[in-house]
């Protein structure tokens with residue numbers, strides 16, 4: 001049919017005697033240029049800003065129907081009547097596979113039978129398609145029953161919300177289906193073809209050597225290409241969304257006055273570079289009207305007037321940005337804050353200045369050698385006393401364990417705290433535990449939970465409760481144990497899907513929802529349900545805390561975590577304790593477990609968690625959530641996930657904390673700007689985020705804090721029982737179920753681990769509720785100890801009173 005001839009049939013032609021030009025043979029009149037040129041005079045702006053010819057291929061249509069009924073037959077016949085290229089499938093999985101097929105996929109129209117949700121879950125399929133790479137210009141149509149339109153529009157709205165462009169009423173008549181398809185073709189497919197061409201233009205802009213920024217008519221940046229990062233010395237996410245007045249020091253009203261009259265602007269501006277240096281740039285601003293007659297956007301072309309010169313104060317500025325000298329942390333953040341160098345314990349007065357030549361001659365250069373070189377340059381022009389002080393500073397910097405912690409002595413009258421804290425921070429096969437408190441260490445036993453298949457919840461009262469509960473997924477007092485009950489101890493899948501949806505993880509990974517669902521099912525299957533603490537509920541709890549922290553960072557507009565950072569943080573949280581059977585690393589080492597031998601008694605469980613995550617994910621294409629990432633993006637995602645999982649190892653707790661504090665500080669009242677956003681700082685934030693999420697139990701409402709304490713104590717007791725049975729070294733002798741005080745263990749844990757870490761974290765993200773809950777819980781554990789509430793049976797009885805006594809649920813605002 002002539003209706004479907006290709007855009008390639010368009011011929012420009014020459015003017016004839018009648019003055020008319022040749023025209024395109026295709027009926028898909030996608031742009032104004034398709035009209036005869038003498039019928040509508042061309043505007044100057046049309047010539048100045050020519051349009052890109054859009055693609056016009058044969059339209060491919062994917063029809064997903066569970067059965068070949070009259071409605072299906074009518075759509076098939078209508079597709080053939082309009083010369084469309086149809087593909088037929090009978091399930092959601094087949095539809096996803098067909099669309100993602102690299103040779104025959106990429107359909108322009110997808111029609112889904114939404115009349116029978118038990119057979120084809122149209123909403124889930126819609127989300128999966130929309131989260132697939134290349135679906136942004138695909139038109140999705142849902143076929144619904146007539147009663148849906150007549151009785152209630154809720155179902156239609158739900159379908160539109162998940163990505164469908166249109167809902168049509170079922171019809172067995174070919175003529176009606178043909179009319180619907182033709183309207184879809186004209187009103188939806190054509191505009192999408194035009195829009196799709198923009199990607200080529202933006203790609204060209206992004207690769208251009210000229211710095212280009214596109215703003216709205218108020219000079220707020222809507223787009224910036226890669227070259228603009230170099231000119232402004234800022235990252236793209238720091239440019240887009242900001243006003244030009246925030247990026248330059250000059251008055252921008254001149255630009256607005258010129259361009260508002262549709263005149264180009266040509267002049268110079270001074271930029272505010274992140275290094276605090278000023279730079280002159282040449283700016284050309286071109287107004288563009290996308291809608292109406294007045295300019296709606298401005299295209300700014302930036303050119304550096306000259307290359308940046310090295311400031312004479314560069315060395316001084318570099319020294320000013322170095323962390324202030326601090327004593328090696330000894331178990332409490334207070335020692336970091338008040339620390340100072342003990343100059344008497346360093347080198348003698350005979351110590352001479354470091355040779356800059358030796359440093360410069362090294363074939364490789366590390367960041368610390370750059371610092372030492374800068375200090376050596378400063379020494380050349382300072383007094384003898386100052387040079388001696390710098391010698392002592394440099395001696396500190398040359399030490400290998402710059403941030404290695406030394407354990408602060410714990411009160412001998414508190415043996416439970418000594419047992420727990422000492423065990424957490426010691427590595428290796430000794431009588432001292434080398435594990436983290438909350439999630440890292442285990443022995444590896446065979447089995448794990450049997451396969452659960454797919455998660456299906458019946459339309460019951462429980463499913464309604466589950467839906468209501470997931471609405472609160474970003475609340476700090478989220479009912480994690482209620483989720484555990486409603487999902488029959490499978491909370492990770494439900495919560496994971498909800499959080500992945502909220503943080504747009506599917507689009508970030510260019511992967512469909514079904515793949516993520518199967519991935520979550522497989523990950524949860526490898527958590528051991530027999531563990532009282534290290535099970536999938538703990539993983540879901542850490543994932544939920546991570547999501548709340550990410551939301552808070554977003555609310556504060558701290559542009560440290562981009563979408564890939566958020567996605568990988570949630571993935572790392574979900575798998576950070578996978579295959580953890582509830583025993584410590586010290587137990588593994590003491591029992592000569594194969595994993596301890598494999599990892600040389602170092603970071604045994606964290607290494608196993610990270611390795612298991614990728615072994616399972618990459619081993620099955622059906623659950624491979626990384627399969628649509630390019631090589632570089634996959635490597636980035638993998639490095640972030642592995643680093644975050646390894647950061648949960650508690651033996652390096654004070655090292656990570658000291659580094660975080662040295663960069664971001666701890667003064668809540670400080671209004672100083674955050675340090676420059678760079679890769680090292682992002683690593684520090686990611687590590688601190690998952691560490692705080694991993695041990696967030698004491699910062700939750702009391703009823704949750706008590707339940708988590710009961711669960712971890714039971715797991716530690718089980719380890720001690722097993723060590724006694726097998727005549728192994730007892731890692732934590734005080735954790736004997738007949739003598740241990742759970743209250744004392746929590747008091748010590750909050751005092752020596754949680755308090756300072758959460759204080760530093762709160763000063764960064766500004767979540768005062770975590771401090772209020774922590775302080776209240778600490779006071780309650782003290783009260784429990786005074787009241788003799790310290791055994792497992794005592795804690796269980798206390799939990800019942802917390803649940804039954806409504807007076808105990810008084811809000812924090814009433815208590816503080």
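Along the chain as shown, residues are numbered 1 onward.
The backbone N, Cα and C atoms fix where each Cβ goes, and this holds for glycine too.
TrEMBL: automatically predicted annotations, no manual curation.
Small disclaimer: the values here were computed from a predicted structure and weren't measured.
Per TrEMBL, the features are:
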type	residues	note
REGION	1-36	region 'Disordered'
COMPBIAS	10-20	compositional bias 'Low complexity'
DOMAIN	197-251	domain 'PAS'
DOMAIN	458-788	domain 'PDEase'
ACT_SITE	534	active site, proton donor
BINDING	534, 535, 536, 537, 538, 577, 694, 746	AMP binding site
BINDING	538, 576, 577, 694	Zn(2+) 1 binding site
BINDING	577	Zn(2+) 2 binding site
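A straight line from the CA of residue 577 (AMP binding site) to the CA of residue 534 (active site, proton donor) spans 7 Å.
Within the same chain, residues at least six positions away from residue 536 (AMP binding site) with a Cβ under 8 Å of its Cβ are 489, 490, 491, 492, 524, 527, 529.
Taking each of the binding-site residues 577, 694 in turn and counting other Cβ atoms within 10 Å of its Cβ gives the largest count for 577. Comparing local CB density within 10 A for the recorded positions 534, 538, 576, the maximum falls on 576.
Sorting each residue of the domain 'PAS' (197-251) by its DSSP state yields 25 helix, 13 strand, 17 coil. You'll find the Cα of residue 534 (active site, proton donor) roughly 10 Å from the Cα of residue 576 (Zn(2+) 1 binding site). Rounded to the nearest whole angstrom, the C-alpha distance between residue 694 (AMP binding site) and residue 576 (Zn(2+) 1 binding site) is 9.
The two recorded residues, residue 538 (AMP binding site) and residue 576 (Zn(2+) 1 binding site), show a Cα separation of 10 Å.
In the predicted structure, the domain 'PDEase' (458-788) carries a mean pLDDT of 90.
Here the Cβ of residue 537 (AMP binding site) has 27 other Cβ atoms within 10 Å, regardless of which shown protein chain they belong to.
Residue 537 (AMP binding site) and residue 576 (Zn(2+) 1 binding site) have their C-alpha atoms 12 Å apart, to the nearest angstrom.
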